[in-house]
Amino acid sequence: MVSSNNGSLLRTLLLVAANLLIPASIVVFALGFFPYKPFLPGLADFEPLDFGSPPDAPFDRLIFMVVDALRSDFVYSDLSGFEYVQSLIRDGSAMPFTANARSPTVTMPRIKSMTTGSIPSFVDLILNFDEADTSSTLASQDTWLAQIKAKEMGKLLMYGDDTWLKLFPNTFDREDGTSSFFVADFTEVDNNVTRNVAPELENNDWGLMVLHYLGLDHIGHKAGPKSSNMVPKQREMDSIVQTLFKAIESKPHLGSTLLVLCGDHGMNDAGNHGASSPGETSPALVFMSPKLKTISSKLPAPAQPKDEFDYYSMVEQSDLAPTIAALLGFPVSKNNLGAFIPDFLPFWHKTSDQIQILVRNARQILNIVTAAFGSELFDAQSGTDPCALEQTEINELACQWQRINTEAHVLAVGDKLDQKWLDDMSQWLRRAQDLMSSMASNYDMPKLFIGQGIAAIAAIVSATALVSLGAHWDGQVLPFALLTLSYGVMMYASSYVEEEQHFWYWASSIWLVIQGVLHIRRRNSLADIAWVFVALVALRLTRGWNQTGQKFAGSPDIVKSFIVMHPQLLWGILTLGYMIMSFRFLACLKSLPSMASTSIISVLLMSAYSFKLDFTSEDAPELVVGFARTLNDLFVGQSLLWRARTAFILLGVLFGYGIYRSFTGGRSGRLQSAYLFHHLYTIFGMTQSRATNIPLFFLSDILFHSLQATDLSVTGIAITAILLQYTTFFAFGGSNAISSVDLSSAYNGISGFNFFAVGFLTLVSNWAGPIFWTSAANVLLLRKYQEGQRNAFWQYITLQTLFVSVAVTLVMAACTSLRTHLFIWTVFSPKYLYCMAWSLGQHLLINVGFGGMLFWLGTLH
């Protein structure tokens, strides 16, 4: 007995240690992999040069109009709604470019890049989702907004996306911010911006007006770039540009105003962004002013792209910062890595002025380079000749700089800018830009290796715990090991990471076929054959429900090709599903008076159903037709907030009742409570999912009932849970791209931003399928426990921990060994972020925490 207790204590300690080591490894590795890049404080000044005083600026006022997710083809193609902008391009009053927006293609990092000219830290991707975050502020950093304010060019105005207010607190003199995360609205959110335009055009007291429109991005998230609302929204934005340009032409005080129209990022074929597909990284960039007629080439519009979304000239998005600085006459920001766009050089007729603009830009970047590598190589007085040294990237950059800098002083006394020198200077700027951009991820290698070491120890510890349980003799450990190692090895190929869903779809299918064949051999009854067939059909429908990944994002799937085309069928399925759930709830509440249980269940399901109906009518009104619209009209007047809160409160009440029954109901009461908890989560998960995804819960329920009919071992349950957790994650529309994060249900039941509430609701809405299978696995494990397998949960969670720790180790190893890979920031870094979410959120919080609590409640004595 003592030996048995000692063995149980050892297993517990090993398992606890492994699950503590997993988050420790993740944090240590993340600190080395995502270092928070410090920025130089203070504002830049014009340093004295041999070329004379800084050249005069052609503009004294700036209107910076950002249309969120304005992909290049939305402005430049023959299908564009920007007809007025295209007329300005043909007329020569507009100069068009395609800006290369580096990953991550989300708003906050892109605004940082445009205003500072720097390459933002990948940490900004996480901060972009935290509306309460203030650590990402640019208040103490050098930006062209700070330069405009310091130069006292006039008041600063901002109307639109409140990300600007978070980045630039106490900067704007007049402001009106709108939240970017309520993606269902694409009309009012833009009207709130436009209503301020006309009055401000009459005012003469401002030097900068920032307008950030969100509606086009919201349409993309909701229905994709081919939505019927997309071109009308483009025409609306085009009309605003026309209003602004006409005012610049006609109002004397706006005569020297530069109008910049740009997107912060683009969108992919599914309407999302965050990753690195060509559509996501190719926003439009247009400079507009009547003054541009004197220097522009009057390009044709609409135009044909050179390559997919590459229209006209391609520039870096960070090039905006030094270009705006020169055009408005203030120094380039200290942390800028952008290069002045040479197309604007003809604004200055003196060769010395043109050279000075480029040399000032180069010297500013040189300050960043020398801060990183030292100044000796770039100092002509040091006596070191970099051209005679080994041909490393930094030595070649220093050699080229000495030659360019010497030639600049010779050319400055001439009357014409030498094209070869201009090309060499542009090349030098790009090389320096690329060099310092690659250093934006200044990896802390010791921390990377320590993190991997800790994760490997966690894997060894969990494997030791598994051996102590005797589970290593289970015949199904071999497929578990094969699954785990296959998944880890797959992390070394970018294409497999991008299309990971196929691994899980096929692995799940093969596993269920094997289990089905084994079950039929054992039972050999017609009913069992039917259940296996139904389960495989349910899995096939689940796989085809939403098209995900990168290669086929936006391609036809069941939702797009069938459900959206037949919305009445969708609501018929949902109505039937909610009715079935009511009977299941009543079966779990037999110990309550029938009047009480019927009343509670009726109010709960009516609140949840009406909430989903009304939410969908706001989010996707084309889906609420026929009897669904009639039903929705019956609930007019009740707020979405309180419908969600009513459902959540009643779910909490019934969960409390389930806990009470677990303590007082005996063996049958505990099993009944386990089913009650599972049904309660199902309703909660349905509330947190899009209406078009709710049928996936019913398909998962079919799979669950099929699995209950089989005799899976504990190892078999663990393998099935892992497979179906990942399968349903991708089936619900998830992927390894940040663009697939669904924020539409992040505010259900809450009236404002709360970090923990929004974080929890976001986790549930994006991991709704995996959490379902955590709950379902608990029911299967409780059956094993009641059959006498007292270590069922410990064996299950040990296998889960072993899988997670090995997966974390191999993902870290892949990120480390491929840290110089072309796709490190676009594929492998997002994968590591998802690895963090799976490990900390799904595994520790859900599988260990939530699953452990459910199992404990089901085994009380």
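Placed from the backbone N, Cα and C atoms, the Cβ positions cover glycine too.
Taken from TrEMBL as is:
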type	residues	note
DOMAIN	440-859	domain 'GPI ethanolamine phosphate transferase 2 C-terminal'
TRANSMEM	12-34	transmembrane segment
TRANSMEM	448-470	transmembrane segment
TRANSMEM	477-497	transmembrane segment
TRANSMEM	503-520	transmembrane segment
TRANSMEM	562-580	transmembrane segment
TRANSMEM	640-660	transmembrane segment
TRANSMEM	680-700	transmembrane segment
TRANSMEM	712-732	transmembrane segment
TRANSMEM	753-773	transmembrane segment
TRANSMEM	793-820	transmembrane segment
TRANSMEM	832-857	transmembrane segment
Highest-contact recorded stretch vs the transmembrane segment (562-580), from 448-470, 477-497, 640-660, 680-700, 793-820, CB pairs under 8 Å:
680-700
Report, as numbers and ranges, which residues of the same chain sit near the transmembrane segment (712-732): CB under 8 Å and 6 or more residues beyond its ends.
471, 474, 476-477, 479-480, 483, 500-501, 504-505, 507-508, 511, 515, 539, 542-543, 545-546, 548-549, 689, 693, 696, 700, 703, 766-770, 772-774, 776-777, 780-781, 784, 789, 792, 795-796, 799-800, 803, 842
For the transmembrane segment (832-857), find every same-chain residue at least 6 residues outside the stretch whose CB is under 8 Å from a CB in it, and list them.
19, 22-23, 26, 29-30, 33, 125-126, 658-659, 662, 670, 673-674, 677, 725, 736, 738, 763, 767, 770-771, 774-775, 777-778, 781-782, 785, 793, 797, 800-801, 804, 807-808, 811-812, 815
Per-residue pLDDT averaged over the domain 'GPI ethanolamine phosphate transferase 2 C-terminal' (440-859) comes to what?
89
With a Cβ cut-off under 8 Å, give me the same-chain residues at least six positions beyond the ends of the transmembrane segment (640-660) that come close to it.
585, 588-589, 592, 600, 603-604, 607-608, 610-611, 614-615, 618, 673, 676-677, 680, 683-684, 687, 748-751, 857
For the transmembrane segment (680-700) against the transmembrane segment (503-520), do we get 3 or more Cβ-Cβ pairs below 8 Å once near-sequence pairs (under 6 apart) are dropped?
no
